[in-house]
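Annotated features, as they stand in Swiss-Prot:
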type	residues	note
TOPO_DOM	1-233	topological domain 'Cytoplasmic'
REGION	45-98	region 'Disordered'
BINDING	His128, Cys134, Cys155, Cys156	Zn(2+) binding site
TRANSMEM	234-254	transmembrane segment
CARBOHYD	Asn263	N-linked glycosylation site
CARBOHYD	Asn270	N-linked glycosylation site
TRANSMEM	287-307	transmembrane segment
TOPO_DOM	308-317	topological domain 'Cytoplasmic'
TRANSMEM	318-338	transmembrane segment
TRANSMEM	350-372	transmembrane segment
TOPO_DOM	373-385	topological domain 'Cytoplasmic'
TRANSMEM	386-406	transmembrane segment
BINDING	Thr441, Leu442, Gly443, Tyr444	K(+) binding site
TRANSMEM	457-477	transmembrane segment
TOPO_DOM	478-642	topological domain 'Cytoplasmic'
REGION	542-576	region 'Disordered'
Amino acid sequence: MGKIESNERVILNVGGTRHETYRSTLKTLPGTRLALLASSEPQGDCLTAAGDKLQPLPPPLSPPPRPPPLSPVPSGCFEGGAGNCSSHGGNGGNGGSDHPGGGREFFFDRHPGVFAYVLNYYRTGKLHCPADVCGPLFEEELAFWGIDETDVEPCCWMTYRQHRDAEEALDIFETPDLIGGDPGDDEDLAAKRLGIEDAAGLGGPDGKSGRWRKLQPRMWALFEDPYSSRAARFIAFASLFFILVSITTFCLETHEAFNIVKNKTEPVINGTSPVLQYEIETDPALTYVEGVCVVWFTFEFLVRIVFSPNKLEFIKNLLNIIDFVAILPFYLEVGLSGLSSKAAKDVLGFLRVVRFVRILRIFKLTRHFVGLRVLGHTLRASTNEFLLLIIFLALGVLIFATMIYYAERVGAQPNDPSASEHTQFKNIPIGFWWAVVTMTTLGYGDMYPQTWSGMLVGALCALAGVLTIAMPVPVIVNNFGMYYSLAMAKQKLPRKRKKHIPPAPLASSPTFCKTELNMACNSTQSDTCLGKENRLLEHNRSVLSGDDSTGSEPPLSPPERLPIRRSSTRDKNRRGETCFLLTTGDYTCASDGGIRKGYEKSRSLNNIAGLAGNALRLSPVTSPYNSPCPLRRSRSPIPSIL
């Protein structure tokens with residue numbers, strides 16, 4: 001019993017922290033990296049597939065002799081399914097070492113703190129998220145170990161989702177262009193940021209397309225991004241100045257001091273008394289000022305639409321539509337001012353009404369002030385809260401308008417059946433206005449109850465309004481605070497031109513290799529192995545098949561080979577780079593093979609019946625250990641860093 005228990009124990013050294021558990025514990029989550037590691041170890045309790053049911057293989061009749069050792073496999077390419085698991089001394093090719101305590105030890109160069117939660121998931125069936133670990137790091141570790149993120153417990157789901165909410169909020173606010181670094185990369189970065197790198201690449205090698213490729217992003221950034229250069233800041237200040245002048249002019253046009261009353265009375269032929277007609281004209285000085293502003297806005301609009309990287313998106317933008325609608329009436333008004341027909345006067349009257357669109361230019365200030373952008377994003381993010389507030393108000397208005405109508409009719413006189421003499425609430429629709437004014441605590445005083453029952457309803461209406469409005473407001477305020485803090489944090493983010501790349505390993509490093517292929521193989525983040533493993537395949541295969549007579553069990557037939565569930569959601573673009581101990585001719589990989597990333601289906605201990613799904617099937621090999629279980633290996637979803 002002691003020997004069986006020692007063989008069942010396994011030690012996992014993750015980032016220098018040793019964890020000890022049993023193989024049966026690791027097998028509780030089939031299809032994950034540790035389950036593949038536990039299943040790949042040669043043992044007498046290996047499983048075989050008999051139809052759709054997994055059955056244990058019978059124990060060997062007699063202890064087989066110990067086979068010759070396999071050649072060591074470089075770290076990062078382990079046949080037992082450990083990903084970048086490295087062994088402490090070879091022992092039967094299992095990638096682990098016999099520990100003095102009786103277990104086998106495997107090393108993973110991963111985050112030790114997160115692995116404690118991962119291993120606890122195997123033990124208890126409940127996956128919790130550590131509060132002191134950044135969300136992307138925990139997500140990356142879950143992907144490496146092949147665990148569904150949807151298995152996170154509901155109590156920790158908000159903690160796990162916080163980083164995604166923050167990333168989505170940060171993506172909303174555009175950061176200024178990075179300053180410094182290699183000047184040769186400016187054009188490529190600008191083209192990539194503006195989304196025109198593909199179009200620029202198709203321009204051809206001629207000089208015209210080359211000049212356009214250089215000019216387009218510069219001109220677009222000059223009028224679109226105030227932080228791209230000093231000239232862009234000057235353009236932004238000029239645009240801001242003309243916006244403020246235009247709005248000021250629009251407001252002053254309504255003042256009596258700038259309105260000139262002209263007599264437009266026309267003589268009436270064959271008439272006795274002509275009708276006096278007066279028109280109000282705006283001071284010509286304000287008209288000239290507005291004309292200068294419109295000329296600037298026209299120039300800015302034309303430049304932006306010409307150098308826009310995406311004309312369709314430019315036209316669909318709401319601010320650009322407002323800009324165009326605010327510019328067009330001025331030119332139509334100038335063109336029709338010389339006409340005296342009735343139709344022209346009607347059109348001019350309509351255009352004067354459309355002038356109010358100019359006030360919407362104030363929203364163009366959102367390009368220059370972060371607070372206004374934060375306010376806009378807060379309003380969009382709080383749509384559900386605003387909808388909830390409207391529903392609450394609508395319910396309250398309907399209820400209290402009905403109550404005030406009947407409450408005021410209680411004291412009506414017998415000779416006044418409509419109660420119109422002693423109350424202003426003659427019908428329920430009139431009570432809607434009173435209920436809205438009361439619930440929003442405005443209290444104009446134009447309508448008020450006059451009976452004791454009506455006063456009681458009015459008091460209840462005011463209290464309900466205060467409570468109703470106060471409930472969604474904190475959520476909206478919290479959204480504004482979150483967006484504003486994230487916007488400030490992104491503005492203060494250190495400006496980096498290039499991502500840090502770790503240096504190549506030194507000659508004294510255990511992962512040092514002489515070729516680039518082996519460097520990728522020995523990386524702690526890599527599963528690609530294309531180098532010297534080819535020289536070990538024939539040797540290992542010959543060792544595994546050299547003593548076929550020692551095994552008491554026949555090799556598995558193809559239908560009986562053990563399937564291993566894999567998912568199509570993990571790293572589809574690297575299917576052809578997986579490194580197995582056997583060559584590609586010795587196995588058949590399903591078209592959707594890969595460690596599942598865990599975005600499609602939740603998996604827990606209650607809904608796992610065994611290994612199912614698409615299979616990775618290996619050729620039958622009879623082992624001297626009398627166990628026909630094939631060697632299996634999963635690949636890491638994390639690409640190589642070297």
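Glycine too: its Cβ is placed from the backbone N, Cα and C atoms.
Against the transmembrane segment (318-338), the recorded stretches 234-254, 350-372, 386-406, 457-477 differ in Cβ pairs under 8 Å, and the greatest number is found for 350-372.
Considering only the binding-site residues Thr441, Leu442, Gly443, Tyr444, Cys156 (Zn(2+) binding site) has Thr441 as its nearest partner by CA-CA distance. When DSSP labels each residue, the topological domain 'Cytoplasmic' (308-317) comes out as 6 helix, 0 strand, 4 coil, counted as helix, strand and coil in that order. Only residues 6 or more beyond the boundaries of the transmembrane segment (234-254), in the same chain, are considered here, and those with a CB under 8 A from a CB of the stretch are 222-223, 226, 282, 286, 289-290, 292-294, 296-297, 300, 355-356, 358-359, 361-362, 364-365, 367-368. Between the CA atoms of Cys155 (Zn(2+) binding site) and Leu442 (K(+) binding site) there is a gap of 42 Å, rounded to the nearest whole number.
Distances between the Cα of His128 (Zn(2+) binding site) and those of the binding-site residues Thr441, Leu442, Gly443, Tyr444 are shortest for Thr441. Separation of the C-alpha atoms of Thr441 (K(+) binding site) and Cys134 (Zn(2+) binding site): 45 Å, rounded to the nearest whole number. Same-chain residues that are not part of Thr441, Leu442, Gly443, Tyr444 yet have a Cβ within 8 Å of the Cβ center of the K(+) site turn out to be Val437, Thr438, Thr440, Gly445. Around Thr441 (K(+) binding site), a 10 Å sphere centred on its CB holds 10 further CB atoms from the protein chains shown. For the pair Gly443 (K(+) binding site) and Cys134 (Zn(2+) binding site), the C-alpha distance works out to 50 angstrom. According to DSSP, the topological domain 'Cytoplasmic' (373-385) comprises 12 helix, 0 strand, 1 coil. The number of other CB atoms found within 10 A of the CB of Cys156 (Zn(2+) binding site), across every protein chain shown, is 17. For the pair Tyr444 (K(+) binding site) and Cys134 (Zn(2+) binding site), the Cα-Cα distance reads 53 Å.
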